[in-house]
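This report concerns only the one structure given below.
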Amino acid sequence: MPVKAGINGFGRIGRIVLRNALLHGDIDVVAVNDPFIDLEYMVYMFKYDSVHGRFKGSVEAKDGKLYVEGKPIHVFAEKDPANIPWGSVGAEYIVESTGVFTTTEKASAHLKGVCKKVIISAPSADAPMFVCGVNLDAYDSKYKVISNASCTTNCLAPLAKVIHDKFGIVQGLMTSVHATTATQKTVDGPSNKDWLGGRSVGNNIIPSSTGAAKAVGKVIPSLNGKLNGLAFRVPTVDVSVVDLVVRLEKPASYDEIKQAIKEASETTHKGILGYTEEKVVSTDFTGNDNSSIFDRDAGIALNKTFVKLISWYDNEWGYSRRCCDLLGYAAKVDGAL
């Protein structure tokens, strides 16, 4: 029997998590909560998507519920997570995708009645972070609130793990060339905490900070303090790319590095770390399920210990798929599946 799940926040990630959950045999989404989107608008937003296209199945509002493929999904509109009646519909696992309740304390408001676990679809300051293909073996059922880290960490960490396990990473710097997200401005506007973040997204390349590289040290402890990074926000609607420059402990040719990544993509990291030999651009990865897709021909080496590696990721779709995978994995370990 699939585990019953709820989604709090029906924004970009919430909606795409639902699309992915419908393809995931272990998850049955029984409820969605969003105080800012009424039911009829939920139908519209789920049906039409400017990036991922129109939903191919049926979606409608009926009897106060959201019906997707003929299946009813309860809809709530509570601002306070503590007031969401997850228990009334039997939702045991909650995807917290508002981007607001990202600490253990705030996300724990969901934990009452039958609710067993909260998966935060964002980095968290204090909740344990888990990245599929990297550190799931560290998961323990005692954790009630966990984080799926960020989309960029999900791209970087599997690549870094393969390289570190095979050749050893002495140190590295990452640049993420990141597509537009909902927090950015269409025209110049106020952004007191991040002045650059207030500049218009449509006609600028915007330098930005990211904690993705440092977060790798949390999921791969042996890399703690060895990686750092920054980001550029660019005027594209989806799909981002990681540029990782590393100094290797064990000398290796670029061909040897490519082969190690290719082998991992076909074995230990299949479905997580992809590998492409095609001549590709960003839109070619829209809807790609992998967390990270290594671009064989885009990287370069200065010598056998200093290399630049390029890996793509659909920061919406691939990340949302990992939210579902993490939920399913946790449920199995917890004995809920």
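Cβ coordinates come from backbone N, Cα and C, glycine included.
Here is what Swiss-Prot records for this protein:
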BINDING   ARG12, ILE13, ASP34, LYS79, ASN315  NAD(+) binding site
BINDING   SER150, CYS151, THR152, THR181, THR210, GLY211, ARG233  D-glyceraldehyde 3-phosphate binding site
ACT_SITE  CYS151  active site, nucleophile
SITE      HIS178  site 'Activates thiol group during catalysis'
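Mapped onto this structure are the features recorded in Swiss-Prot.
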| residue | record | Cβ contacts under 8 Å, 6 or more apart |
| --- | --- | --- |
| ASP34 | NAD(+) binding site | ASN8, GLY9, PHE10, GLY11, GLY14, MET42, VAL75, PHE76, ALA77 |
| LYS79 | NAD(+) binding site | PRO35 |
| SER150 | D-glyceraldehyde 3-phosphate binding site | ALA122, PRO123, THR210, GLY211, ALA212, ALA215, TYR319 |
| THR152 | D-glyceraldehyde 3-phosphate binding site | SER176, HIS178, THR210, ALA212, ALA231, SER240, VAL242, TYR313, ASN315 |
| THR181 | D-glyceraldehyde 3-phosphate binding site | ARG12, ARG233, ASN315 |
Residue among binding-site residues ILE13, CYS151 with least C-beta crowding, 10 angstrom cut-off: ILE13
Distance from ILE13 (NAD(+) binding site) back to CYS151 (D-glyceraldehyde 3-phosphate binding site), taken between C-alpha atoms, in Å: 11
Three-state secondary structure, which DSSP defines for HIS178 (site 'Activates thiol group during catalysis'): strand
Cβ neighbours of THR210 (D-glyceraldehyde 3-phosphate binding site) where a neighbour is any other Cβ within 10 Å: 21
Binding residues ARG12, ILE13, ASP34, LYS79, ASN315 (NAD(+)) - maximum C-alpha distance in whole Å: 26
Lowest local Cβ density (other Cβ within 10 Å) among recorded positions: ARG12, HIS178, GLY211: GLY211
Around the Cβ of ASN315 (NAD(+) binding site), the count of other Cβ atoms that are within 10 Å: 25
ARG233 (D-glyceraldehyde 3-phosphate binding site) - helix vs strand vs coil (DSSP): strand
